[in-house]
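Have a look at the structure below before the remarks.
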Amino acid sequence: MAAKTPLLAELEACSFRNRSPAETADHMKPLLDKYLPLSTSSSGSSALQAERQKDHYSHFILRLAFASTEDLRRRFSRVESMLFRLRFQVDDLKGRQAFVEGLNLDWETVSEEEKRENWEQLKGAAGWDKMRIEEESWFKVDWERVPELVESRRVFLRGGKAYVHSREQLSMVVAEFTNRLDKALEITSRALPRLDEDDRLTPILTHLSQNFTTPDANYSGSATAVDGADISARNIDVLSSSFPLCMQNLHRSLRRDAHLKHYGRLQYTLFLKGIGLNLEECLVFWRSSFSKITDDVFNKEYRYNVRHAYGDVGGDSNRRGNGYSPFSCQKILTEHPPGPGESHGCPYRHFSVDNLTSLLRAVGVNDQEVLRGVKEDKEKQKFHLACNRVFEYAHKQEIKKVKDNGTWEAAQLETIVHPNEYFKRSYLLKNMDKNPAVEEDVRMDG
């Protein structure tokens with residue numbers, strides 16, 4: 001279990017970075033072999049039983065930990081399905097066949113007559129001639145069971161059935177795995193209230209779910225420091241042009257209302273802390289921003305929370321740890337969704353399409369193709385890709401320059417999964433020509 005959690009987080013990070021299936025497999029293989037090996041059934045390995053037992057235990061314990069909310073269930077299902085796909089692909093043919101046969105899947109074989117009747121449509125799905133279509137095996141399944149194939153238009157649909165070629169067996173098996181896991185997680189979630197009486201198990205499960213973070217999620221303040229940058233209260237308005245949309249939205253709301261509610265203040269304070277704003281300047285920033293209240297009200301109701309976030313007050317552990325870390329995209333997406341009158345969260349997830357489009361236009365994103373792409377990303381729940389799409393649009397000239405002159409390596413332009421990484425990368429790109437020292441400070445630490 002201790003080994004599997006970071007592996008799933010790394011697998012999730014591969015998805016956030018938009019790595020291809022082949023790149024993900026190459027990246028994950030040595031990690032899986034080292035930390036969570038699983039021999040094939042036909043290997044004859046003496047360790048097979050112990051490996052499977054460890055895998056089973058970790059899966060069912062994590063299933064308990066991730067069943068409590070819809071967000072956690074969806075996230076766990078997604079990464080477990082990714083892991084299943086990797087393992088199914090590397091299993092030997094005999095093992096794959098035995099596994100599929102054991103599933104007792106309701107797949108109906110398409111008859112020769114039906115193939116002849118629909119060969120034009122099957123040709124459109126497979127791109128083959130009539131003779132080859134008649135020679136190959138096809139199956140019919142309910143279309144809801146193969147959403148991945150429907151989305152990529154690799155099947156022919158008729159009467160609620162998807163006509164699937166045998167080469168797509170992997171997608172069909174993964175879809176079935178995901179469907180069964182989703183149902184099992186729902187059942188588990190309904191049983192969780194029975195565990196509330198056990199004060200030994202519940203804290204462990206909570207700890208597991210809360211500490212499942214991608215390798216990019218733990219972003220330290222030192223990693224975001226930019227040499228020569230004026231990170232001060234008076235300069236936040238200027239710097240905000242390099243903020244990700246979530247932080248631009250908070251900044252705009254603060255300037256409009258002279259106030260933010262609790263989670264908005266916390267999310268924004270930690271972000272400002274992460275970009276290098278020190279405690280004294282942060283207090284100046286918040287006091288000047290809350291212009292409609294008196295000093296006495298600010299000192300009584302807000303000052304302590306800012307100091308606590310920086311680790312200036314509170315218990316020993318809070319002070320030793322320098323307070324809280326800036327929120328990652330993952331944390332913003334999955335915890336404390338905003339309610340009425342609140343401005344925190346991720347606009348790509350929590351805004352309606354119309355409100356998101358209006359906000360993007362307000363910050364200067366008017367390109368119709370970009371806006372259409374963001375809408376599609378949102379509909380597919382690919383919020384990281386939407387954010388990175390906007391970043392690439394806003395910095396297209398600078399990105400082209402660093403690629404052309406070789407200033408940055410490809411790894412330094414990977415998909416952004418942290419608001420503070422967004423700021424640092426944006427600031428460095430925008431200020432390369434203004435400050436020669438910035439040209440040297442291009443490595444994305446953390």
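Glycine is treated like the rest: Cβ placed from N, Cα and C.
The [4Fe-4S] cluster binding site annotation in TrEMBL covers Cys246, Cys329, Cys346, Cys387. Annotation comment: TrEMBL describes 240-423 as domain 'DNA primase large subunit C-terminal'.
The number of other Cβ atoms within 10 Å of the Cβ belonging to Cys246 ([4Fe-4S] cluster binding site), over all protein chains shown, comes to 26. For Cys387 ([4Fe-4S] cluster binding site), the count of additional Cβ atoms within 10 Å of its Cβ stands at 25 [all protein chains shown].
All protein chains shown were included, and the count of other CB atoms within 10 Å of the CB of Cys329 ([4Fe-4S] cluster binding site) stands at 26. As a whole-number mean, the pLDDT of the domain 'DNA primase large subunit C-terminal' (240-423) in this prediction is 93. When Cβ atoms from all protein chains are considered, those within 10 Å of Cys346 ([4Fe-4S] cluster binding site) total 22, not counting its own.
Surrounding the centroid of the Cβ atoms of Cys246, Cys329, Cys346, Cys387, where the record places [4Fe-4S] cluster, the chain contributes additional residues within 8 Å, namely Pro244, Leu245, Ile332, Leu333, Pro347, Tyr348, Arg349, Phe383, His384, Pro419. Secondary structure from DSSP puts Cys387 ([4Fe-4S] cluster binding site) in a helix.
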